[in-house]
Amino acid sequence: MLTIANKTFTSRLFTGTGKFPTYQSMQDALEASGSELVTVALRRVDVKDKDDDMLAHLSHSRINLLPNTSGVRTAKEAVFAAQLAREALGTNWVKLEIHPDPRYLMPDPIETLSATEALVKEGFVVLPYIHADPVLCKRLEDAGASAVMPLGSPIGSNNGLRTLDFLKIIIEQSNVPVVVDAGLGVPSHAAQAMEIGADAVLVNTAIAVAQNPVEMGKAFKMAVEAGRMAFECGQGTVSEQANASSPLTEFLSYE
Amino acid sequence: MNDFRDLLSQYPPEKVHQALAHVTPARVEQALAKKERDLEDFLALVSPAAAPYLEGMAQKSRQLTLQRFGNNMQLFAPLYLSNECQNICTYCGFSLDNKIPRKTLSDKEIMKEVEVLKGMGFEHILIVTGEANRTVGVDYLEHAIQLIKPHFANVSMEVQPLDQDEYERLIRSGLHSVLVYQETYYRETYKIHHPKGKKSNFDYRLETPDRLGKAGIHKVGIGALIGLEDWRVDSFYTAMHLRYLEKKYWQTKYAISFPRLRPFSGGQEPKVAMNDKELVQLICAYRLLDPDVELSLSTRETEHFRNHVIKLGITSMSAGSKTNPGGYAAGKESLEQFEISDERSPEKIAGLLKSQGYQPVWKDWDPALQNTFR
C-alpha cells in the first residue's frame, strides 16, 4: 500500500489523460491499468461545465483526480490555477507543473519551489513535477511537498530512465514518496523504476498512443506490480564476476 | 546572437536555390535516417531530390506527431472583425485598391458572431482584421479582446504588426497568441507585392516575432504565403526563422502555417504553383525538423486534401470558416478576404476526425493559466 498525504493507494501506477483518440478509449485504458490517481490538465477541461466530457469519463469511484497546472510559466500563475482547480474539481491535490519552456516542458526549479511553499501554506497537497535533482527534492520536501515527481527523461520521449543515477540518490534520500514521472515508454521502464525503489510511476503517452491503449494499460499495471514485488523481495547484488565457485578459498571447506 | 535580419542576409535566395539543386538522393536518405535534424537536413527534405521519398517522410512525420501530440486535433475558427485596409497587397482581397464594400464590426455585431461561434462549440478564436490603424488600431483591438475574452478559452490574433508596448497591452487584456506571416522572405519580391501602406516595410514585419517574444507572448505563428516565390526557398527561411526564435525567445511556443494562394475578388494568379504532393512534402519536412512545433491547416485547402492530410503531421485546423466580417451571423456576402475551399461545418469536421481515430480538441487552454495581472 502506498500512502500520500493520508490517502492510500493499492495501485502504484498513476496515469495521465492526454493524447487519447477518444474519451472512451481513455476510460477503458485507465480501467485496465487499475490506476487510482489520474492527472487532468486544467487547460483541457471546461471547469464551468458540470457535464464536461473528459470528467464524465473519469467519474469512476476508484479514480482520484489530480489536476495539473500544465501551461503556467510562473509560480504566481500556478497558485492561481491551483486555486481554480480546487474550486472547480473539489480537490486540494495538485500536480504542480511549471514549465516556461514549451518545447521540452522542462520544469522550472526556482518557480516550482516558490509555488510549493505558497500552496502548502494554503493547505494544498502538492506533488511537484521536477527534474531529477536530488537537492531540489530535499528542498521541496522541506517546503512541505507530499511527494516528489522527478522525470525519467523528457515528457513524451519514451526514452526511459535516462536519469537513473540521480533517481537512485533521490529515492535513497527521500522521506516522501518518489513518483517517477515522464519518459517511461514501455512497461520494462516502469518495472525498472519500481525495482530501484520508486514508490510509484506516472505514465501517459506510452499508454495513450499505443496501438492498443487498453492492453498497454494492463501491461503497465503488470510491470509496476512485478517491479514492486522484485524490490520488496530484496534483490541479489549485482556482481561483475561469477560467484559460483571459489577456487582460492575452496580448501577451507575441508576443515 | 545576430538578429534575424543579419542572419537572413547571409543566405541570399540564389545561394539557397543552388543548395537545393545540389541535394543528392544520398543526402536525403541521410537526413531521413537521422534522429534529430538540423536546417541543412530540412533543406534536403524540401528539395526536389526528396520527392521520391515522400512515403517514408510521411511515415516518420506521422509517427513523430503521434508521439508528441497524440491522436488530438485542435480546432479553431477565425473571427473577421474588419476588412478595412490601408495596404496594397497584390494577392489579397482586402487590398486598398480592391473596390469592395468595407465594414468594421460594432460591439453588437461582434457579440452576434460570438454567439454563433459559441453555438458551434469553438473555444479557440482567431480575430482577424486588415491594417487600418485609424479604425482598427490598438484601441479597437484591445476593446475587442476584452469583449470576446470572457466567452472563449483562448483568443489569438492575426492583424497588422504592432509595437512591443502595444503587444504588452493586448497580452494584459488576455491575448494568447499572434499569427504574423512574412508572406515572402524575398526582400525584392516583397517590395513588388506590397507597394503601398505600412506593410511595405519589410524589416518592421520581419522583426514582429522579436517584438512579440520580448513582450512575453505565449505563442507566435509564422509562415510564408505560398505562391509569391519559390516555396522551397521561402520555407527554408521560415524554418530558419523558427529555429532563431526558438533559441532566442525560448519561453514562447511556435506554430507554422503554409497558406497557398487562393482566388479572391480582383486577384492575380500565383507566380508559383504548389501541388498537393509538394505541400505534403513541406508539412512532413517541418515535422521532421521540429517534432514539437504546431502545424496548422486552414479551410483554404480542399475537402479531399484535408481528409487525407490529417494523419500526416497537422496538429490544428480551422473549421466552418467565414472570411468576411459578420459572416457567421449574417451569412455569405461578397466581402471575403479569400474564398474558402472546405465549407463543411465544424460538426462535420469533428465527425471526420473521430472517424479517423482522432479526438477533436475544442479547448486546450484556460484563462486561469494566464495570470494577466502580472
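Along the chain as shown, the residues are counted starting at 1.
Cβ atoms here come from the backbone N, Cα and C positions, even for glycine.
Sequence annotations record features per position, and here TrEMBL assigns domain 'Thiazole synthase ThiG' to A:3-247.
The DSSP secondary structure for A:K95 (active site, schiff-base intermediate with DXP) is strand. All protein chains included, A:K95 (active site, schiff-base intermediate with DXP) registers 27 other Cβ atoms within 10 Å of its own Cβ. Here TrEMBL flags A:K95 as active site, schiff-base intermediate with DXP.
Feature annotation from TrEMBL assigns 1-deoxy-D-xylulose 5-phosphate binding site to A:G156, A:A182, A:G183, A:N204, A:T205. DSSP gives A:G156 (1-deoxy-D-xylulose 5-phosphate binding site) a coil state; it is part of no helix or strand. Cβ-based neighbour count (10 Å, all protein chains) for A:G156 (1-deoxy-D-xylulose 5-phosphate binding site) stands at 24.
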Between A:G183 (1-deoxy-D-xylulose 5-phosphate binding site) and A:K95 (active site, schiff-base intermediate with DXP): CA-CA distance (Å): 17
Additional residues around 1-deoxy-D-xylulose 5-phosphate, ordered along the sequence, whose Cβ is within 8 Å of the centroid of A:G156, A:A182, A:G183, A:N204, A:T205: A:G16, A:P154, A:I155, A:S157, A:N158, A:D181, A:L184, A:G185, A:V203, A:A206
Coarse DSSP state, helix versus strand versus coil, of A:A182 (1-deoxy-D-xylulose 5-phosphate binding site): coil
Recorded positions among A:K95, A:G156, A:A182, A:G183, A:N204 whose Cβ lies under 8 Å from any chain B Cβ: A:G156
Sparsest Cβ surroundings (other CB atoms within 10 Å) among the binding-site residues A:A182, A:G183: A:G183
DSSP state at A:N204 (1-deoxy-D-xylulose 5-phosphate binding site), helix/strand/coil: coil
Max pairwise CA distance, angstrom, over record-listed 1-deoxy-D-xylulose 5-phosphate binders A:G156, A:A182, A:G183, A:N204, A:T205: 9
